[in-house]
């Protein structure tokens, strides 16, 4: 069963029947099935490439989706692979240049702290701490960066998490846009679902460590980084902090 909110990334990506689509972190596969059903409405059909870093999860995903067919009962255009998303291969790979990839759309639903699911999993409160989001920020940004590099010119990247933590959301998107130097732009998807209740993304946020230190800057965080790491924490990244107001 797919929760309604998990359907939003594919809707916001505006998948078209003839698109070539990458689902970068596909397991358990509910979003992949949604993508496959979208492209199945074309006589020629597009292609969905479903990837998961874990080979066992990729196998289970393939088994789960193998019986999906189009309206005529024919198999769907779908490939299941297992690669590290941040190193997803590409023939003729020329680094991380944006706009020369093979995909019209990339769905990048990254690993996250999951703190946005507390309403249905209240047991998560017992293990939650600020460091969970901090520890995943670098991986999330690496995945988003690689996803962007796999897009065609004019393609769309849908980045999503099930977290409400700006370190995992706005900070990643902000850093990705800054690194792209104008090759990427933020798309307003409000017209796609005008009745969806929403709020604008945050432009200011705080970085807090597991000792509840309110860290005003990356420079301040570096001063306590060695002590932080000795307790099993993560390393700070400058991209965790909000960009300058002018940007």
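Every residue gets a Cβ built from N, Cα and C, even glycine.
Remember, TrEMBL labels are computer predictions, not curated facts.
Annotated S-adenosyl-L-methionine binding in TrEMBL involves 25, 26, 27, 28, 29, 30, 31, 109 plus, out of the candidates 52, 169, 188, the residue 52.
Rounded to the nearest whole angstrom, the C-alpha distance between residue 162 (active site, nucleophile) and residue 109 (S-adenosyl-L-methionine binding site) is 8. Of all Cβ atoms in the protein chains displayed, 17 besides its own lie within 10 Å of the Cβ of residue 162 (active site, nucleophile). Residues 23, 32, 50, 61 surround the recorded S-adenosyl-L-methionine site, their Cβ atoms falling within 8 Å of the Cβ centroid of 25, 26, 27, 28, 29, 30, 31, 52, 109, which are themselves excluded. Using a 10 Å radius centred on the Cβ of residue 25 (S-adenosyl-L-methionine binding site) and all shown protein chains, the other Cβ atoms total 20.
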